[in-house]
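Q: Dumping the structure here so I can ask a few things about it.
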């Protein structure tokens, strides 16, 4: 990674001018002439960090932005300076585990007459820093080692291609196609069987897609890093074997016994969406050594008891379980698994009841002690590996955050990240995030409510960036967003239905209705309970109740109206 720290105070007679267009301060440092013809980098020290000094013959002025990054990404031909001092420590800088890349071509054109900024302008340097900081955050999130960091423009292009959802879906679809081909290859049911040319051609096509994926990873990682990646090498080896077998089947026009088809699941496990499966498999394999120790101890006691049982019970001709040493080992293994629990003991017990002591001691040691010890060791080892892995992932994310933080602090504001730099980072890290969501993310991270984002606050970038923001309108009434005329009408209805006079009026109507029903009940004669005509009083009271219902629903809203049990 090639970085250039640009300090303030490079030259004592530097001219500082106020830039009214962007509200900042621009500095113009006189540089030696001949800079465009000959660049001789020479490292000199400045308070807190290092810079590069170019030597030449003629003087020229370089105009700097008001907010120059402390770390600049140079071309492939530039030199690699040391770290700027920002309070994180010199030893924490990205070294061989986190090399940088040159986003622009070293032969890119300079500032043109059309007003386009040159690749070496501060704005372009910030864009490069934003993208590299976003890549560091992605590496921390994906648990990619920092030595896989893209180192040049070609590696960057391959990295961006290999880290998008279309590439992930292509990996998943290819792995599923290879697995589903097992249903169509011989031996297969007649309904699903395909011709040899068909399934062999499909297999070769899927394998060619896998080759393309590996080529993109090789272009991104480089040959040396590609060879060092164990999982990728295992996938490559399986790919070669699958290729050879597919070609053999296509040439012979006959399908043979293909045991290696069971290895096709490696392509599925290696895809992006099976990261949790890979982690659990890795932890299972890492917990095997202590498991093997306890398993050997269990087999050791089993062999001892098998020899003892052979000498004790082989004289009994009616006992087939201990007739030979091999039968004794198998019988005790069956007894340990309790698959055929009583049968192994019955012939010996029927001849001598004291033989139960042998089996009681064996089961007490093997089944109730060593088997439980084996389970406890596996559980404890797996949990310990899980804790170490969680710690490793957390530290890896923090290291990635530190790398990204250095690329985002500026010359004028080395104490933190401004919103301008944070927004530039999020454009590359979360391109689908809206401007409002970026602002809310910055405010959620900024616990101290300061203009700059400190490293301590920036440590929570992964958790806060994953939040989903939803606008919640603080409305007092359901009709607040209606036009003014409708708003005034519904607001008047709301005031009416909430008034004490309206409530007392409705109580009076209910009371009058009750008294009216009571009077009508006393006046009924001859058992004529159901009249052929609806009384006018029913229509009046039902109309009043209907108007009340309409007014309350219109003034309070359906939700507030139905939330009341009285309503």
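Every residue gets a Cβ built from N, Cα and C, even glycine.
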Q: Look up transmembrane segment in TrEMBL and report which of 134-153, 274-293, 294-313 it refers to.
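A: The range carrying the transmembrane segment annotation in TrEMBL is 294-313.
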Q: TrEMBL lists transmembrane segment for one of the ranges 217-235, 236-254, 255-273; which is that range?
A: 236-254
Q: At a threshold of under 8 Å on Cβ distances, which of 194-215, 294-313, 320-339, 359-382, 536-554 pairs most often with the transmembrane segment (166-188)?
A: 194-215
Q: Which one of these stretches, 194-215, 236-254, 320-339, has the most C-beta pairs shorter than 8 Å to the transmembrane segment (359-382)?
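A: Out of the listed stretches, 320-339 contacts the transmembrane segment (359-382) most.
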Q: May I ask whether the transmembrane segment (194-215) has at least three C-beta pairs under 8 Å with the transmembrane segment (236-254), counting pairs 6 or more apart in sequence?
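A: Answer yes, regions in contact.
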Q: Which whole-number mean pLDDT does the model give the domain 'Ion transport' (167-389)?
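A: Averaged over the domain 'Ion transport' (167-389), the predicted model reaches a pLDDT of 89.
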